[in-house]
Amino acid sequence: MPGGDDDDSMGAGPAPGKMPVLNGNSLFLFSPTNPFRVKCAEIVSHRYFEYSIIVLIVLSSVNLAIDMPQFEIECIYQHKKDKCDLRDALSLIDKVFVVCFTIEMSLKVIALGAAFHKGAYIRNNWNVLDFLVVVIGFIDWSGLTKNLTFLRPLRTFRALRPIRMASRNEGMKIVVNALFQSIPGIGNVMLVCVLFYVIFGILGVNLLKGQFFYCENHDAGELIAQHRVLPTLAWCKDNNWYGAGWGGPCDTSDWCDCTKNPTTCHQDDKCANLFEITKDWCDKKEHVITWCGKYPCDWMASGNGGSYLPGTIDYSTMGGFNYTMSHGWMNKASNFDNIGNSILTLFEMATLEMWLDVMYDGVDARAIDLQPVRDYNMWMCVFFVLFIVVGGFFVINLFVGVTIDKFNEMKEKQEGNSMFMTEEQKTWVAIQKLISGAKPSRYPQPPEDKGRAAVFKLVVSDGFDVFIMSAIMVNILFMSMNHVDMSKTWILILFVANCLFTSLFACEAALKLYAFGVNEYFKDSWNDFDFVVVIFSIIGILMDVLAKKGLPIISLLRVLRVARIFRLIPKAKGLRTLFQTLLFSLPALVNITLVLGLFFFIFGIMGMNLFGKVKLGENLSRHANFRTFESAIIVLFRMSTGESWNGIMHDTMITRHCMAIIDLNVTNHNTMFTADGDNDKWYSKGDKELGGLSEDQLYDGCVPYHTILPIIYFCIFVIFCAFVMLNLVIAVILDNFQNSSSDDESPVSKDRLSEFVTLWAKFDPYATYYMPASKLQYLIRDLEEPMGVKGLAGKGKAEIQHIIMSVDIPEHDGKIHFLETLHALAGRIAGTVLPQDEEEKIRGRIADRLPSFKANVLPKYTAAHFHAALYVQAAVRGFLARYQMREKLAELDGEIKPPAADDDAASTEPPAPDGAPSA
């Protein structure tokens with residue numbers, strides 16, 4: 001939601017701790033220097049005031065969640081006094097919150113002004129939301145929502161209160177603003193959708209209008225199969241024993257001819273509709289069906305004006321029986337009767353939810369006022385499949401494209417990447433961001449004790465690591481062999497295997513504790529993880545042995561053992577990439593999850609207020625309803641996955657058989673009204689049984705206000721939560737996965753960075769961020785190219801010298817810093833000149849971790865100077881050593897002869913001292 005004139009402000013008011021700028025005369029009364037206005041401004045800008053409002057919003061949201069429709073049912077209709085007291089208390093608390101929010105609004109209006117100057121209260125859209133919440137609170141308080149029907153929906157908008165939290169959390173605010181900014185793009189997608197839906201909708205109306213009606217057996221609650229109540233060709237063939245002259249207007253030959261050729265039969269008045277279930281037949285409400293053996297032989301109602309088969313015959317003597325069937329002419333919830341229903345049905349199908357049921361109904365449809373017949377027109381599948389391909393696969397997935405496009409735009413804006421930057425510059429920015437998050441790791445040092453040193457050598461060896469990884473995989477394999485109805489022998493085998501593996505991992509932990517020492521062992525997070533798993537495994541085994549019966553916590557402890565599989569992540573590159581993708585996605589996913597949870601909360605409160613009293617049906621059942629907050633949240637989560645969301649929507653659109661008569665004097669809980677739709681008798685509005693009864697004597701379980709309201713509610717939820725928000729989660733994960741996958745193409749990849757960290761630890765085992773400058777040559781020697789020279793045959797020493805002399809690594813009293821070294825080596829490969837603003841952003845991200853910036857004094861010398869000094873020092877020492885050697889040789893020969901300058905220049909340089917390479 002854009003912020004109006006104050007779009008750059010933090011939220012619904014001034015940033016906490018920041019005094020707002022006072023403009024104009026507030027309410028035409030208070031000037032910018034008015035002491036009262038200044039005091040109000042100080043209050044609303046104080047951080048404790050903001051924290052207090054956040055607490056009030058949270059408590060108000062909790063109050064809304066507790067105020068559930070189930071309490072009203074239990075209080076009014078089931079006479080539970082405690083529920084009545086709770087409802088009254090919640091109503092009183094809600095009024096207190098309305099007063100508190102009114103005070104907040106009044107203080108801000110006085111401080112900022114109402115509307116007529118820059119920075120005024122109402123010019124910020126977040127403040128407009130707060131204002132509406134307060135107004136709706138007073139309307140509900142006044143009782144107008146009870147007396148005026150058209151105002152009752154306003155009470156639902158109390159659920160907007162929690163969205164105020166988004167204006168107080170910067171991460172949530174960014175996501176919410178991005179969602180509102182994406183509305184134009186979503187609107188364009190919806191226009192494209194509507195265009196296709198109108199085309200297919202008109203086609204659907206012309207093909208299938210009025211053809212989804214069917215005759216329902218009220219006792220069975222399903223469509224009446226025609227062959228169950230009317231004669232068929234099989235009946236004609238098997239029942240010639242009646243003879244040709246049974247006395248009706250159609251004899252047996254006509255009968256069978258009609259069945260063989262229904263078209264001819266329908267043109268004959270005497271046999272018209274004889275073998276069809278039609279609307280007229282179904283509107284009789286009730287028929288007596290007579291069965292002779294395995295076929296129906298009497299299908300006429302007593303009120304049908306006669307019977308073609310004599311109803312006086314006792315067919316029970318022929319192995320038959322009579323039964324009465326009640327039925328009615330019903331319509332499918334999803335149909336194509338008009339353009340509105342057609343577009344709604346197409347939208348439901350586009351979400352791929354229950355679209356097959358609609359297609360089967362279309363295939364079975366025959367004509368207006370005729371009972372559907374299974375697989376009557378298979379060619380109708382073409383229409384539905386074509387729409388699914390166009391509307392379900394292509395058009396509806398434009399939402400995904402819009403969401404990802406908006407996400408990329410938001411990401412570019414957040415990262416501040418300039419559109420004028422080259423690809424090399426963008427790559428260098430990305431590498432520097434990667435470097436800014438790097439940290440040195442600890443590298444355990446071999447102990448001095450020979451015994452511990454031997455164990456240390458064992459536990460850090462690659463072979464030991466491979467052995468433990470293999471043991472973990474075999475252990476997981478054994479754990480997956482647990483199943484129901486295991487034999488005692490198999491249970492014993494699994495228990496022994498569990499004990500063996502636990503002992504093995506306990507020995508691993510003990511060996512590492514002995515080799516590393518306690519302090520060093522627990523400084524590694526993977527060691528901490530292993531130790532916790534081992535402890536829980538041991539506790540689980542002890543409880544298995546000592547507990548007389550199974551305890552729930554034992555199952556939990558067994559599940560925790562599966563966590564050992566995470567040990568495989570650092571060893572497998574593919575797993576590591578996926579795990580890093582998840583970790584890098586977490587910050588963005590947290591904000592999206594918070595906003596998604598906020599939407600769920602708001603729609604849950606709205607759902608309780610709108611549909612909390614609706615009669616339960618097939619999909620809106622005791623397992624999925626809006627009568628309690630927790631069930632509403634579960635229903636919304638289920639709908640966000642697309643599971644039967646349209647079935648729930650159609651159940652909330654009920655208009656018939658949804659009114660119940662309440663006897664308020666009943667106190668017997670066995671006969672009391674339950675509103676569950678099973679034990680209560682239901683009526684339709686306008687039934688004569690409801691005449692003269694007041695609202696207090698009726699329970700209204702019908703759709704609230706109008707059938708269009710559930711359509712708006714459910715479609716908006718599906719579009720925003722199922723399409724936009726969940727696709728935003730997919731966009732975040734895909735973006736990070738793409739970054740992780742394309743990292744290998746980067747000059748400095750995460751693998752190269754990890755290699756640098758590992759090698760640095762050998763020279764800085766305690767992760768102090770510093771290593772001797774004299775060791776730089778060995779670090780470069782062991783690094784893979786292009787950062788190092790490992791693998792460059794025949795060019796090692798010269799290339800090392802070239803790299804050291806070409807990079808600018810500050811020297812600090814004979815030491816070099818981790819980040820400065822990494823930055824310099826990476827910059828040698830991918831470094832390039834950046835725009836000034838980008839350079840400042842990167843510097844601000846990393847500056848506080850660099851000693852040169854902390855001290856505000858750049859070192860005079862670099863690692864290149866240090867190594868140059870080593871080279872000069874080595875040359876001088878070599879010269880002096882040669883001079884002294886010649887003097888000694890001369891003394892031995894008894895002849896002293898100073899060395900010639902040319903000889904010295906042409907002499908071979910002596911080996912460099914320790915810590916310096918040869919010149």
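Residue positions begin at 1 at the first shown residue.
A Cβ is built for glycine as well, from the same backbone N, Cα and C atoms used for every other residue.
Positions annotated as domain 'Ion transport' by TrEMBL: 46-415 (among others).
Taken from TrEMBL, the feature transmembrane segment applies to 96-116 (among others).
Per TrEMBL, transmembrane segment is recorded for 128-144 (among others).
Beyond the ends of the transmembrane segment (189-208), by six or more residues, the same chain brings 335-339, 342-343, 345-347, 350, 362, 365, 380, 383, 387, 390-391, 395-396, 398-399, 402 to within a C-beta distance below 8 angstroms of the stretch. Per TrEMBL, the feature transmembrane segment maps to 189-208 (among others).
Taken from TrEMBL, the feature transmembrane segment covers 376-400 (among others).
Sequence-distant contacts of the transmembrane segment (454-478), counting only residues of its own chain at least 6 positions beyond either end whose CB sits under 8 Å from a CB of the stretch, comprise 444, 446-447, 494, 497-498, 501, 504-505, 508, 511-512, 514-516, 561-562, 564-565, 567-568, 571. According to TrEMBL, the transmembrane segment annotation covers 454-478 (among others).
Annotation comment: TrEMBL describes 464-743 (among others) as domain 'Ion transport'.
As annotated by TrEMBL, transmembrane segment applies to 490-511 (among others).
Annotated transmembrane segment per TrEMBL: 531-560 (among others), in sequence order.
The feature transmembrane segment is assigned by TrEMBL to 581-606 (among others).
The feature transmembrane segment is assigned by TrEMBL to 711-734 (among others).
In the predicted model, residues of the domain 'Voltage-dependent L-type calcium channel IQ-associated' (755-810) average a pLDDT of 83. Here TrEMBL flags 755-810 as domain 'Voltage-dependent L-type calcium channel IQ-associated'.
Under the heading region 'Disordered', TrEMBL lists 894-919.
Per TrEMBL, the feature compositional bias 'Pro residues' maps to 910-919.
Taking every listed stretch (128-144, 376-400, 581-606, 711-734) in turn, the largest tally of C-beta pairs under 8 A with the transmembrane segment (96-116) is reached by 128-144.
Here the transmembrane segment (711-734) has Cβ contacts under 8 Å with residues 175, 179, 182, 186, 344, 347, 351, 396, 399-400, 403-404, 407-408, 581-582, 585, 588-589, 592, 595-596, 599-600, 603, 606-607, 610, 636, 639-642, 645-646, 648-649, 652-653 of the same chain, all six or more residues outside its ends.
Under DSSP, residues within the domain 'Voltage-dependent L-type calcium channel IQ-associated' (755-810) fall into helix, strand and coil as 30 helix, 6 strand, 20 coil.
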